[in-house]
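> Shown below is the structure under consideration.
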């Protein structure tokens, strides 16, 4: 019953995600996962390929190539089944978090609210709107939680097999063996060797065998303590409920860009007061415990959550240019476990105020993300462009090309932003979306802001559309 209540709350908060269409990376993932239909080609999706060969980093075949291949063969560009799948995996993770916290702490209050805020956290805006990142990280976390649960139940072989599935989904769970250390007796430490070995193998594959693009600075590791500390604070803030987009409006000296109010509107009046109330009560609880009951911070169960939080951030904390709140999904249970472990000492009235203010903070941030997160807004535009294109040109002959012109009514912003055709190129990921739509891998797509139509290209082969 408690889990069903959480599911309903999460479904109500994130129901708009079901209407968010594919965009950008979604189309790219479908493209790189296409095969000729043979079993041999399908198996090759599990292979390890250098970045230069396929233009994609990291080894994530299970919830990337395999899933996208199967999905596209069954559903094409119908986004609804994918949205249902993503929400379904999220529901499974909520249930696993509830079970794990209850198994460790034996406190239903803690289990319920940790699972609730794990599920409803505004950090999940990125997870549930951005399909590629969301399904890969959610799938990996599902297997990682099962790994921890079965390891704690002393089902070591089953735990190891499931951990292999987790590693094949996303590298975000690389530090799971470190978390298992806190659950191991001295006699069982030897059983962790295969877990550490598998993590080391994946790390080697990602860095040495696959590698990264030299031109992509977002994958450059930074070990500057100040920058790492800033990233750590941002991740904690997002996990607590602060919208991810706030980082774009913070100026030197912790000043806020005044344009923030224009983007946030009335949400500004909810988010900051709710944050300060929740944060003040959390600090009050922490100071009280430090003064009166400091021994609780040495409790093995608390240290387990702290270890989970700190080690779970290791795969992402050194990539400050590649920060995203969807990477938080693995450590959210630990973060909210720590928060409620501390605030549980508050008087009931203050604890109630903390819960309500935290809910207001996260719900407001979710609703803001629904209107402003790029994956949500681009999906609407992608669906509109594809629908208009399909209604205008039901089919296209071989050798055809589509040309997107700028909308003259669209106001000029900056050169970097460009006109509507440049934005359409991001949203449709170049030619990927339309090659999938018309099932023509040779279909060419030109954009006015990206050079327009090449000289000498046959005009009778051009099919034009204004990108609106």
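For all residues, glycine too, the Cβ spot is worked out from N, Cα and C.
TrEMBL annotations: computationally assigned, not manually curated.
Below are the features listed in TrEMBL for this protein:
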TRANSMEM  80-101  transmembrane segment
TRANSMEM  108-131  transmembrane segment
TRANSMEM  137-153  transmembrane segment
TRANSMEM  160-183  transmembrane segment
TRANSMEM  189-212  transmembrane segment
TRANSMEM  232-250  transmembrane segment
TRANSMEM  270-290  transmembrane segment
TRANSMEM  302-319  transmembrane segment
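Quick one: where do these features end up spatially?
A Cβ distance under 8 Å defines the sequence-distant neighbours of the transmembrane segment (137-153), meaning residues of its chain 6+ beyond its ends; these are 62-63, 67, 86, 89-90, 92-93, 96-97, 99-100, 103-104, 127, 159-160, 162-163, 165-167, 169-173, 176, 179-180, 183, 326-327, 329-330, 333.
Same-chain neighbours of the transmembrane segment (189-212): 48-52, 57-59, 156, 160, 163-164, 167, 171, 174-177, 180-181, 219, counting only residues six or more beyond its ends whose CB sits under 8 Å from a CB of the stretch.
Same-chain neighbours of the transmembrane segment (232-250): 121-123, 125-126, 256-257, 259-260, 263-264, 271, 274-275, 278-279, 313, 316-317, 323-325, 327-328, 331-332, 335-336, 339, 358, 361-362, 365, 368-369, 372-373, counting only residues six or more beyond its ends whose CB sits under 8 Å from a CB of the stretch.
A Cβ distance under 8 Å defines the sequence-distant neighbours of the transmembrane segment (302-319), meaning residues of its chain 6+ beyond its ends; these are 104, 171-175, 178-179, 181-183, 218-223, 228, 231-232, 235, 296, 327, 330-331, 333-335, 337-338, 341.
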> So what's near the transmembrane segment (270-290) in sequence-distant terms, Cβ-Cβ under 8 Å and 6+ beyond its ends?
240-243, 264, 296-297, 339, 342-343, 345-346, 350, 353-354, 357-358, 360-361, 364-365, 368
